[in-house]
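Following: one structure in structure tokens, then a few remarks.
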Amino acid sequence: MSSINTNVAEKHSYKERVNTDASSLSADGSVEAHRLTIEQVAKIFNTDIINGLSTSQANQTLKDFGANTLGDGDKISLTKIIAHQVCNAMILVLIISMVIALAIKDWISGGVIGFVVLINISVGFVQEYKAEKTMGSLRSLSSPTARVTRNGDDTTIPAEEVVPGDIVHIKVGDTVPADLRLIDLMNLETDEALLTGESLPITKNHLDVYDDYSVPIPVGDRLNLAYSSSVVSKGRGTGIVIATALDTQIGQIAKSLRNNNSVIRKVDKSNGKPKKREYSKAFCGTIKDIFYNILGINVGTPLQRKLSWLAIFLFWGCRYFCNYCNGIPKNRVNKEVAIYAICVALSMIPSALIVVLTITMAVGAQVMVMKHVIVRKLDSLEALGGINDICSDKTGTLTQGKMIARKTWIPNVGTFNVGNSNDPFNPKAGEVSFVNLSPKFIEETDEEIDFKQKLPSPFPENFNNWLLTATLANIATLNQSRDEETGELVWKAHGDATEIAIQVFTSRLNYGRDSLIENYEHLAEFPFDSSIKRMSAVYQSLQTNQIKVYTKGAVERVLNCCTHWYGHEENDELYDNQQLKELTDDDKHLIESNMNALSTQGLRVLAFATKDITNSSIDLSNRESIESNLIFQGLIGIYDPPRPETAGSVKSCHNAGINVHMLTGDHPGTAKAIAQEVGILPHNLYHYSEEVVKAMCMTANEFDSLSDDEIDKLPVLPLVIARCAPQTKVRMIEALHRRGKFVAMTGDGVNDSPSLKKADVGIAMGLNGSDVAKDASDIVLTDDNFASILNAIEEGRRMSSNIQKFVLQLLAENVAQALYLMVGLAFIDDSGLSVFPLSPVEVLWILVVTSCFPAMDLGQERASDDILEESPNSTIFTWEVIIDMIVYGFWMAVCCLVCFVIIVYGEGDPYLGVNCNKSSSSNSDVCELVFRGRSASFATMTWCALILAWECIHPYNSLFYMRQDTDHPWWKQTVIDLWDNQFLFWSVAIGFISVFPVVYIPVINTKVFLHGPIGYEWGLAVGFSILFLAGSELWKWIKRIHKRKANKKAKNPEYELERSDPFKKYASFSRSNTMDRPELMV
């Protein structure tokens, strides 16, 4: 097939290419698809309704029409990135300092500060630009997807790759990826409020054709079209793409909305005509927003905002401190005071922190992609490290999502078993065997049951009727096609995994949907709904004209609709009985006991029912009447095996201090069996009290019936909630929050969006998740795998740990410099002014140049081996970090101060010169002693800062014993550990060496850095650097002693058992209550 067009400019010129009347085209040459039949639209777009476009056809059309996006709405704004670099408190402090320095004609300090500002902005710009590109590509991975048919195969592609002519399938929760001419649907309704303003969903009809060209049809009345960006609120449908990107109806609106963003707050007009107060409130709010945006305290991640507030607080605190100490008592607020205020303020501002944080998060987001995790919101990177409870769905997340029908029970017939089949799509694989006993009887008997290899022939009538219901209450399809790569015939399936499993089972017995559907007319369908957990289809036989309802769903929900069945006895007297019996409560208990027998095997059990419709006047749109007075037919047990890695991941979560909760729509028995198999529930429930066992596994009805106070009094929140509804998930999150938990919640359906937003971290499924769920989530799993959640948490903890490391390193240096400079106020020269023990340029060099690169490299440290065995931590600024920051900073300041004092005062009466704080008046002879002291203390502080970077790798372990479990001698292990992060190694090494040229290069040393060459002072700098290292090691040794004492207090037999058994804390050593209740035991 040829492409629709040869270039974009001709994409609307269909007149020369199709055999259709010109009246079917609008004024601009685009197709008015709502006025055409399905066949005409398919011909215009040169597509096949069954097989869709070919791959080559789709690729060429994509080149011709471009990507299916609304233009450059997500285009990276270079202006905004630059503004973001300038408008944060830390950069603004540097800019203010630069302006002050230039205003008092300290040109060199002002120029150096300006250069540092330029470097910060440049590095920040490059990194944020890269981060924006990375996040843009990640957002495109998690953006709405479309399920299309190409080459006869159903495949999921990014919505932006959809092209005109594609056959697109939509279902509940999907965002329509493009404008569609509907060709097939069932109870399809879409929410078009975004487009038309209509608050109610619009019911679609693909058979409508508006061929009267004299009557204009408004957009909202074109019921045979589905529009891009509308959300499917009910049913399902299939359509041909007729417009993409800006050619869609929503695209036309997008054009008109361009450049309509405003930072101006709107005036509140909700109470009628606004008064002066409303205008004043809007004006003041606008000014506040602009001011806060400039300072960067209401943009960025929570940590970035905290750092901006910290910068503002420290800057003004230091300013007033310096003014008071150096100027106000003497009424001498002059240039010297201003310069010293600048110097101290700079020493307190971690100038490189924002840049380092941005780079770390951008790299972390890229690492997440390799672990099948897409980060949609950077805030979630900070939150992941603090997760201590995960609420996960079962199907497809904890399990493989590849369902295979294993057992079927037909009352008064027996149990059918499928064996030797692990191919979920191939109806020819495996063997179906039979025994005329119920699952309950098989479970209770001690005898070995011999399943017959031959099926009853002919099939019992009740089994035939059940097969018919299983086939028709099902929209999954199977087909065999030739694989393009291997050329072999392979089985392919389209539809829901559960329905595919049922369809494969019926096809094994020659009851495939394709062979039966041509004999029936599909009259109505009521799709599966998570609130009622069943679906029904209404068909009319073309041979007998008989109308029948076919229903399947959760056993208890289907039984509630049933009034009759054919009975059941464990003997041959009523074999294949055709006489209807009223369904009594005892009968329902019997059916439920058979369901339990299947569910305890880990099978997901569904029930089937049917009824004849004899009243021709019945309303086929009334679901309640259609699904009433049904005849129960039988059960099917579907096995969805756990993923091989799930059990190990759950165990790792328990070791990491993370509780795992399964919130599933399955039957309690199935949920409990799978939960025990993967380790969410303990196997031996008799170890626990009756109260705890009841709380561990509950149904949604039981949980929802409890008040908040009753939930809070439970000994443990449920580890498994079966038959879970969307509102149950929200209540579970609220209950966890009340217990101070930090919660991650998984979801895939449109109804999961409230719980995803409520959770601290919302996790959507990338493969089977709806677009609405993805949009509400913080992260998206590209493989729908529970193990990927653990990977995300591990990476989140690594990032949080690394952020703590470089925050500690940078802020400890700030503390050291601030203390050092504040004490330096005591050094008075001959003019009565304080002498800087460090010059402003030295301060900036240490903070920005020397420390920035080691900090960035600390951000890339590998996770420690035991990171998942540590307790969750939801904050960066822990008391341990704060105390470490003060201790390291204080000790560094002491080392530098003593070094300076020894040099200046060691030779007797010191001479601190005159105006040694100004580059313009510096004199090497007058200020020689001060310059030598500065050089030595500068070298000491630089080397101490670099040593601190290595010390921050591990909060407790010695620099010489980073890894305790090694057979290497200490010196060899130290080399291995330091070389492990080669970027950090070379940053530190180059930082050590860089001190020498800065001290010795003429002009730069005396005019810029305000220090001079030194000799024996190098020995002092080396000695005090080693002293700092020794003090740091001593502090870590004290911390290790304290930690060991704390652990000894915690160590006892129960503690050790709890480490190996995460459920030990729930154990009751009085087992009588539970053992007296067999139904609580497994």
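All positions are counted from 1 along the displayed chain.
Glycine is treated like the rest: Cβ placed from N, Cα and C.
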Quick check: of D748, D760, D771, D775, which does Swiss-Prot put in the same Mg(2+) site as D393, T395? D748
Cα of T664 (ATP binding site) to Cα of T395 (Mg(2+) binding site): how many Å, rounded? 8
Count up the helix, strand and coil residues in the topological domain 'Cytoplasmic' (957-983) according to DSSP, in that order. 13 helix, 0 strand, 14 coil
If you measure from the C-alpha of T395 (Mg(2+) binding site), which of the binding-site residues K552, D666, K729 fall inside 10 Å? D666
Just to verify a number: CA distance, D666 (ATP binding site) to D393 (active site, 4-aspartylphosphate intermediate), in angstrom, no decimals. 10
Averaged over the topological domain 'Cytoplasmic' (957-983), what pLDDT does the prediction give? 78
How would DSSP class K552 (ATP binding site) in three states? strand
Winner by Cβ pairs under 8 Å against the transmembrane segment (99-119), considering only 808-828, 833-853, 885-905: 833-853
For the topological domain 'Extracellular' (829-832), sequence-distant contacts whose Cβ falls under 8 Å of one of its Cβ atoms, 6 or more beyond its ends: 330, 911-916, 930
Chain residues in Cβ proximity to the topological domain 'Cytoplasmic' (957-983) (below 8 Å; excluding those fewer than six residues from its ends, i.e. six or more beyond): 856-857, 860-862, 950-951, 1029, 1032-1033, 1036-1037, 1040
